[in-house]
Structures are given as C-alpha cells and as structure tokens.
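Report on the structure given below.
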Amino acid sequence: MSLMVVSMACVGFFLLQGAWPHEGVHRKPSLLAHPGRLVKSEETVILQCWSDVRFEHFLLHREGKFKDTLHLIGEHHDGVSKANFSIGPMMQDLAGTYRCYGSVTHSPYQLSAPSDPLDIVITGLYEKPSLSAQPGPTVLAGESVTLSCSSRSSYDMYHLSREGEAHECRFSAGPKVNGTFQADFPLGPATHGGTYRCFGSFRDSPYEWSNSSDPLLVSVIGNPSNSWPSPTEPSSKTGNPRHLHILIGTSVVIILFILLFFLLHRWCSNKKNAAVMDQESAGNRTANSEDSDEQDPQEVTYTQLNHCVFTQRKITRPSQRPKTPPTDIIVYAELPNAESRSKVVSCP
C-alpha cells in the first residue's frame, strides 16, 4: 500500500523511483514525530525533517520498503530548512522505522547522511493489558516501586511508557501464572511521581501494539529534590558529576589543611625543644666550672723545723692567712710531691 502524504509546510511531493543517490555528502538532518511516535490506528502523524544546513529537498524513507521513499521541497525560516511529511490515516503497513535525508538543487543525487532512525508504532490493535504498582501507587519518597503489566493474551513483549517521555522500556513476558502473562518493571527508589501506561505486542510484529492500559498515576509523599528515573534508565545512578567534583575538592582542601597544621605543629615543637636544649647546655657548662673550682682546694702541706724539731701542719692559702706577719723568719723549700707541697723550715 502506498503512503498517503500531505505536505504541511512545503509545496509538492513526488515518489522517487530509480537508482538510489549517493549518500553522506552533507551533515545528517534530524527527524521528529508530532505529536509522538505512538500513533493510534486511523490517526495521522507528522514526521518533520529539519536541518541548519540549507537543503532545498528532503527525502523520507521507510526501511525495508524502497518504494515508500518520499520527496518534499524544503522550506527555510530563521536559518533552518525543514519539510513536514504527513503520514495517515495510520495503518499497519505504515508502521516501521523511518529515516530522512537532505539534498541541494545543484546536486540532487548527492544526499546528506541519514538521520537517526525513528520508529513509528501503531497502537490499538489488540486487547489492553493491566498495569499495577507494588507496593502501591502511593509511596514514600525513596521507597522502591515495581510496576507490573499483565494480560490474559499471550503477548511476547510488554512496553512501559511514561507521560512526557520520548522512549519506552520493554521486557519479555514471563511464564503464564494463574492464566495471565506478566512483566515486571523495577523503577527503584521513588523520588517523583508520574503517569504510566503499558502495551503488549507479539514478536513477529514489533511495530503493532495493543491498546494502552488504563493510566496509572504514581504519587510520592514528600518533597524530593531529584526527579524519578525514567523506565528507560537504570534505577541506580551515580551522583551528579558537579556535586562529585565539589566533594572531591572539599576533601582535598581538608587533607591539605590537616597536613599543614601537622607540619606547623612539628616545626613549633622542634623550635621549643632546641631552646630547651640550649638552656640545659649553658647550665651544664656553669655547673662544670663550679665543680672544677670546688675540686681544687689549693692546699699546701708544710714542714716547719722549729728549734730543730720537725712538725707538720696544714697552712691555708695566702688569702686566708692572718694579716699580721709572723715574727720568725721562715725559709721554704719545695718537695717533689705532686699532690702536696712540703716546705723545709730552717731554724735561725
């Protein structure tokens, strides 16, 4: 079945046939779906191909079906060129993966690199599944939450979407339990609520989904500062890189401050110990000089011959003798004894 195309912002279109042009000459454009890539049966979706490169022509191609390549003349506004492809009413043959290309007038067979792929899914074809939350739709901030999508239909895959999110999370259905097939979506600790829906699909038709489940509003009690991870992201995340850098910087500053304080304290201690040692050395030198003076009594042993009789007495140093000189004339003679000095006194 050929596509029914209505241009919303461009003039004219025609179906390309013949050889495929050369790709990758220009930078790739972007491809968006309005209002979204999940399209209910019989509804219409707008696929917009745009670029900041001034393309005169845009081509829309659905993978796997070469005959469904469409061409539109681009429209230019504020440095942006774009073309809007209207696809609808949506049927099973129109679902699939789309890419778009851009080209210029002087080289129409030299195309840009292809845009990133965009999957267009038709919904509303089968019975809707049920969606529930464990432990419940109202939880405390930080409490772990698991959403369960189940149905009596033997769907191979279940898809969970969150309102406002561009992509969905999918899980294979588990074994049949009590007449139902189920898939569990662990969301991790809750920090912020949201509205969720789930769909079922079969393995041989991945772009054809069931009706959506009834919306499930998950509410979080509290005033969390962070958003709840989307179902397409892991529930456990690392911290904010900026906060991590701040934490590392603070730790480094604290460590440097502690090291500086330790070095300053050690320097002051060494200086104080050096002053004490200098004082002790000076005291020791003073004490040693006093001990030397005390150990040298400067005593002299004399032998006096009085009236030709030898007597021995101890005479103090001259500074300690009486000031009145003796009447006798005394003659001294040194003896060779090193420890004591002997004097020979001759009688007149």
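Glycine is treated like the rest: Cβ placed from N, Cα and C.
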Candidates CYS49, CYS149 - disulfide partner of CYS100 as recorded in Swiss-Prot: CYS49
Candidate set ASN178, ASN284, residue annotated N-linked glycosylation site in Swiss-Prot: ASN178
CYS198 - recorded disulfide partner, Swiss-Prot, among CYS149, CYS169: CYS149
Most Cβ neighbours inside 10 Å, all chains, among the disulfide-bonded residues CYS49, CYS198: CYS198
Fewest-neighbour residue among disulfide-bonded residues, criterion Cβ within 10 Å, set CYS100, CYS149: CYS149
Cα separation, CYS149 (disulfide bond) to CYS49 (disulfide bond) (Å, whole number): 34
